[in-house]
Amino acid sequence: MFEIREKPEMVERAMLVSVYFDPSEAGEKQAMLDELEDLVSNLGIGIAGKHLIKSRDMHAKFLCGTGKAQEVKQLALDCRADCVVFDNMLSPSQQREWERLVDECVIDREEVILDIFARRARTREATLQVELARMQYSLPRMARMWNHLDRQGGGSGGGKGGGGAARGEGEKQIEVDRRLARARIEAIQRELVLVTRQRATQRKERERQAVATAAIVGYTNAGKSSLLSLVSGSEVMARDMLFATLDTTTRKIELPHGQPLLLTDTVGFIRNLPHRLVEAFKSTLEEAVLADFLIQVVDASDPEAVRHYETTLEVLNELGAGDKPMIVVLNKVDLVPEERRGALETLLAPHFSGRVVPMSVKEGNGEGDLLNACVEMLESRVRRARFLIPYTRSDLVAAMHSEGKVFSTEYVEEGTLLEAVLPVAFYNKLESFLADR
């Protein structure tokens, strides 16, 4: 959790604040404040209160005006919060000003998300990616850690000299810390370059084998990992918590027509996902960019389902994957009335021209429809046919096994008779060997 400045104990009660300026934004800001409550609760911190603060204008010092800032200070005192969490992204200087005003820990939405990511990271790659994002966030904020030296020096025996000595010590240490942080950032970036190369090698091997790929994307906690577990028949960690999955998990499945498909689960998205996290996780999120198509999972039971769908598209556009072919899975339809399901499909229609598959992943309903939708998606990439290969071309038989899926093999007088599903490019090369011409 977050350490309170000048106190060794940990944060127990946080007051949540969202500052907004346009009255028409009040509804959306309230929804985001509710989401922030879920995020903070995922850190094990109690909620002392949450408040929407309307400000006429944006101010550089506190984001809102001084009068509103004093109002926030009083609210924090009244609810006995030991931390104030802003849904707004605060600049380093705004964060410092707020901490001076309320005399408690002040953090923003980005720091909350970074802390959750740090707790969820399991693999070396995910740990490095989160560490990189956190250090880039902390670098311009290092002066906060030494604020207490100013206060201690100014209030203890040395008068001006004591304060200057404390400040001097703090300033020297800040510079040392910054140099160490920059060196660590560079070291992490070098290590992540190696990870990116390893991923590229793995992708080339998959391309050589001509195995189709799909990436499962969507808002955090929409049911992506549960979907992968269902269709692959293998256990994938799926927990009812935000950002349970930070590491990509890939499973090979077989579609109804026999073609193999590699399905990859990806990290969940969220509104205002910090750009530095998107950058840090680029090597992981490339799985979505380079997949043949996407499966976006939408929690149909969530009142913000359409907004979550739009947020996912925004992040995909940022990654350069916004134009990928996509299947949309409306998950948890067992929890919503029929008319709500129809309304959702209508609301998605202006944004999406692909296939919508209603499912209840938890109940196992709709799996067949999804697999058939995947077959339809890949039909333009593969062909199924019978081939008669002369015995003198055993190299082609071996290639058919490695490049596609062979269903049957029969040895006849003229050669080897095979029924197979092949990628279109390889199929075209073998058209002269079609058995049913």
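We number each residue from 1, going along the chain as drawn.
Glycine is treated like the rest: Cβ placed from N, Cα and C.
Here is what Swiss-Prot records for this protein:
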| type | residues | note |
| --- | --- | --- |
| REGION | 150-173 | region 'Disordered' |
| COMPBIAS | 152-167 | compositional bias 'Gly residues' |
| DOMAIN | 212-382 | domain 'Hflx-type G' |
| BINDING | 218-225, 243-247, 265-268, 331-334, 360-362 | GTP binding site |
| BINDING | Ser225, Thr245 | Mg(2+) binding site |
| query | Which Cβ among the binding-site residues (Gly218, Asn221, Lys224, Val267, Ser360) has the fewest C-beta neighbours inside 10 Å? | reply | Ser360
| task | For the domain 'Hflx-type G' (212-382), would you mind checking the mean pLDDT of the predicted model? | result | 83
| In DSSP terms, helix, strand or coil for Ser225 (Mg(2+) binding site)? | helix
| Cα-nearest neighbour of Ser225 (Mg(2+) binding site) within the listed binding-site residues, Gly218, Lys332, Ser360 | Gly218
